[in-house]
């Protein structure tokens with residue numbers, strides 16, 4: 001089950017990284033401003049152009065914009081290392097807590113399996129039903145893009161999301177009836193994921209906006225690293241604590257962690273992070289802009305592939321979990337440690353990707369290799385259920401510790417290149433909308449695949465007392481994971497390939513769709529060309 005605020009308030013709100021438009025008749029002030037720009041290394045444009053910002057050599061960012069009265073005066077704000085450090089702290093804590101959500105969910109899974117005695121299909125049904133609020137992430141993203149709360153549009157949403165999570169897990173910890181009845185437990189799980197989805201949307205938008213603003217490509221890799229660290233600590237402590245304490249203590253401990261995150265977010269001042277204030281617009285226009293972006297082939301094709309690659313594979317996670325705990329009698333420490341080893345693998349893969357793979361290996365071959373390894377790694381569950389590992393002298397505990405989480409980690413890592421790709425293509429003001437749409441689509445595909453897995457488990461007759469047909473189900477799961485390789489051409493070879501494909505795709509659509517797609521698509525590529533040019537200088 002899966003899990004951003006930077007604004008600088010300027011007098012004349014403009015769109016993030018929008019290319020400046022020079023009027024037909026230039027004035028002498030333009031030439032003067034260009035000379036001043038070259039000398040100070042800080043971009044300054046006249047009152048008829050849109051304002052932009054670059055970092056100066058002393059790590060201060062000077063942002064200038066027109067006053068509301070339309071005059072030539074500018075409001076100027078300096079953003080230093082301390083303010084940027086506050087933004088980094090907010091994001092780091094947020095993604096660390098996001099990764100730590102495995103801590104209470106591990107306890108909740110054991111509670112449902114051992115205390116409520118849910119059968120495998122019901123357990124998996126509850127798991128995937130609980131993530132339904134994450135399907136509505138595009139709505140949260142659009143609201144975060146266009147609706148300001150107290151003059152900010154990222155930090156307040158993070159605070160609201162954290163507060164909702166705290167209410168849900170705190171209720172499960174304090175009120176016994178809430179965790180003993182399945183309807184109330186499911187309701188609080190839905191509330192927890194509602195809060196998590198709102199906070200995640202704001203965090204993802206913040207990372208995308210911050211990366212575009214300061215030309216820091218690949219910030220999503222560092223976000224995934226922070227999440228992996230949280231997952232390591234969460235699974236390690238969760239597996240150990242379940243041996244000593246009941247699940248409600250873990251719920252209470254995670255509520256305390258959420259209180260820490262809420263304190264950090266409430267103490268953060270969004271206007272000090274150095275991002276321009278975007279012109280407020282209507283929800284209808286924001287949705288129109290969002291649809292214009294995702295309808296282009298340069299976005300829709302890779303998005304279609306990653307969604308289909310998840311939705312086509314029916315997972316049997318609930319059945320495998322019950323088999324490990326009820327048939328093999330593996331204790332929570334072993335399950336937790338297997339997740340820890342998996343998160344360590346994810347952390348290492350993310351570092352290797354950020355340092356080497358994204359620079360040396362094109363995107364399509366990388367995704368092809370990861371998908372193939374994912375399909376093969378699903379067979380580790382087949383080996384465990386058939387006890388082939390025992391035949392070779394490998395105990396069940398050792399095998400689960402080393403190989404149980406490989407498939408799960410590869411599935412998470414596969415999403416990273418697509419997250420970086422779409423984040424780099426976000427037009428100004430649409431960061432929350434684009435990133436939340438990706439997250440929502442991934443959640444929806446996970447729900448579809450999860451329900452398909454429940455149906456397959458029931459069809460082959462997997463129950464708490466009968467796991468005879470589970471190996472056949474695992475083989476079918478591995479074969480379906482091979483199917484996305486047939487249309488791997490939907491994945492671009494590289495980001496430069498995306499730009500070329502986007503230009504060709506514009507001529508294939510109808511006149512009306514082309515009109516929308518051209519405006520938004522050209523805007524995206526203009527941003528990327530401008531950022532590349534500024535990075536070279």
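Cβ coordinates are placed from backbone N, Cα and C, and glycine is handled just like the others.
What you see is a predicted model, and the numbers here were worked out from it, not measured in a lab.
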Checklist entry - Quick one: which of 222-242, 285-305, 306-326, 495-515 does TrEMBL have down as transmembrane segment? => result 222-242
Checklist outcome for this item: Students should find that the transmembrane segment stretch in TrEMBL, chosen from 189-214, 397-422, is 397-422
Checklist entry - How about the transmembrane segment (472-491) and the transmembrane segment (222-242): at least 3 CB pairs under 8 Å, pairs 6 or more apart in sequence, or not? => result no
Checklist entry - Of the listed stretches (249-267, 333-353, 397-422, 434-460), which one yields the highest count of Cβ-Cβ distances below 8 Å with the transmembrane segment (365-385)? => result 397-422
Checklist entry - Looking at 222-242, 249-267, 397-422, 434-460, which one has the highest count of Cβ pairs under 8 angstroms to the transmembrane segment (333-353)? => result 222-242
Checklist entry - Residues sitting near the transmembrane segment (434-460): Cβ under 8 Å, six or more positions beyond its termini, same chain? => result 2, 120-121, 124-125, 127-129, 131-132, 134-138, 140-142, 144, 197, 200-201, 204-205, 208, 290, 293-294, 303, 306-308, 310-319, 415, 418-419, 422-423, 425-426, 469-470, 472-473, 476-477
Next on the checklist: Using Cβ atoms and a strict cutoff of less than 8 Å, what residues sit near the transmembrane segment (222-242) while being 6 or more residues removed from its termini?
Outcome noted: 3, 91-92, 95-104, 106-107, 110, 203-204, 207, 249-250, 253, 332-337, 339-340, 342-344, 346-347, 350-351, 354, 416
